[in-house]
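Per TrEMBL, these features apply:
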COILED    62-96  coiled coil
COMPBIAS  22-31  compositional bias 'Polar residues'
COMPBIAS  32-45  compositional bias 'Basic and acidic residues'
REGION    1-45  region 'Disordered'
REPEAT    152-194  repeat 'WD'
REPEAT    195-226  repeat 'WD'
REPEAT    278-319  repeat 'WD'
REPEAT    320-361  repeat 'WD'
REPEAT    364-404  repeat 'WD'
Amino acid sequence: MPVESGSSAAARQAKQKRKSHSLSIRRTNSTEQERSGLQRDMLDGQDSKLPLSLRSNLLDLFSQIEREFENLYIENLELRREIETLNDRLAAEGQTFEGADLAKGALKTKASHSTSQLSQKLKTTYKASTSKIVSSFKATTSRAVCQLVKEYVGHRDGIWDLSVTRTQPVVLGTASADHSAMLWSIETGKCLLKYMGHQGSVNSIKFHPTEQMALTASGDQTAHIWRYMVQLPTPQPVADISQTPCEDDVDFSDKDEADVEVEGPNDCPSVRMATTTLRSHQGVVIAADWLVGGKQVVTASWDRAANLYEVETSELVHSLTGHDQELTHCCTHPTQRLVVTSSRDTTFRLWDFRDPSIHSVNVFQGHTDTVTSAVFTVGDNVVSGSDDRTVKVWDLKNMRSPIATIRTDSAVNRISVSVNQKIIALPHDNRQVRLFDMSGVRLARLPRSNRQGHRRMVCCSAWCEDNTSCNLFTCGFDRQAIGWNINIPALLQEK
């Protein structure tokens, strides 16, 4: 029997492989043809408005996509088998040389370290992703009650600022773009006095800490100090306009209602002469405030400077320069000779006048847009608000970075902080007013609907710590100020 040579055997095996490969290709092609034919038959049976040529092209594209996925799936299976083989081989080597391979111990340590890092990242991500949800649950555990008590109507233009007196009798003051400032009875909503000494928009109003004097800043490039004497009317029973849980997510109306023409109070006495006029600025005076003790005042202007004056002599003591753009606000510390100024240059500056021989300044760059206001708290904190839709809480002892950041959905205007409850009131461009605690937890949102709340941008908020029917006031460009009674349960504040 003849013996087949090795070369002829190898040639025959190669020929058989090519034959089987060609058979598999023909089988695959025939399968694809059958599949495409079947799909075309199915498409022909379907009701479609696409042209047949376009449907055929789509079918071919989908077939190519399917083949790509099949190839990827096969490669994935092969890689898995290789990984399993390698794992089995490593496991066998580990059993044979257990404890003899030092590199494996280092590898195990490294793997353990990376595992712990991954676990820590997962924990951090979980906490970060659930913090907002937890905050929302905290804010609704025991609901805050916000009652609209009184509306103060009488200005003929938007109200920029408001403030509450720190002496008896306790009255509300408003500063308006209609060139006037008004004093109101908190309980009755009646206008008690109207100051008409400015020739431009009245941009801010602040009251002397111990005397019946008011400080107003104006677009006429001056600040006025004027005395007032008012007598409170007999309070009438307050009607319960609305007692509604503070809304967090519901806004009944986002439509702008038409402004109502309001006649000014005819029987309201007026004052037209200032006791002291402060003239040094070359631009709009946007804000002013009393230093502790009431013997000096500070003014902030669009001329990029803040000025410090002696009240008795009207003498300019210091001109505080350094901001690169217009100033937007200024505020003084209630118990120390500290001033904070805000600017459109995205910074706010802390000026220290506690040492009479020298004053120091610190610049803080925590925002990305105009800083609309920065205010002191009774403690050692500064709270800043900005057009970048954030509010930041700072510690005076370490102001390198904020201790809390509040992110909102609208630009923030002139904020205020409650002395007793340490609650921050945030007035927004989108007509909302939100309440937060000092740690940045949302407490409530004041209700706003067709029947109550502001219809335009809310410009300012101010707290009243005296025993009055209202403990929070807001004003806006809808020409009205609103007095609210805010009841925050202790459960919400014990975070």
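A Cβ is built for glycine as well, from the same backbone N, Cα and C atoms used for every other residue.
Curation does not apply to TrEMBL; its annotations are automatic.
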Same-chain residues at least 6 beyond the ends of the repeat 'WD' (195-226) with a Cβ under 8 Å from one of its Cβ atoms are 157, 160-167, 173-183, 270-279, 281-290, 292-294, 297, 299-301, 309, 311
For a three-state summary based on DSSP, what are the helix, strand and coil counts in the repeat 'WD' (278-319)? 0 helix, 23 strand, 19 coil
The DSSP breakdown of the repeat 'WD' (195-226) into helix, strand and coil residues is 0 helix, 17 strand, 15 coil
How do the residues of the repeat 'WD' (364-404) split into helix, strand and coil according to DSSP? 0 helix, 21 strand, 20 coil
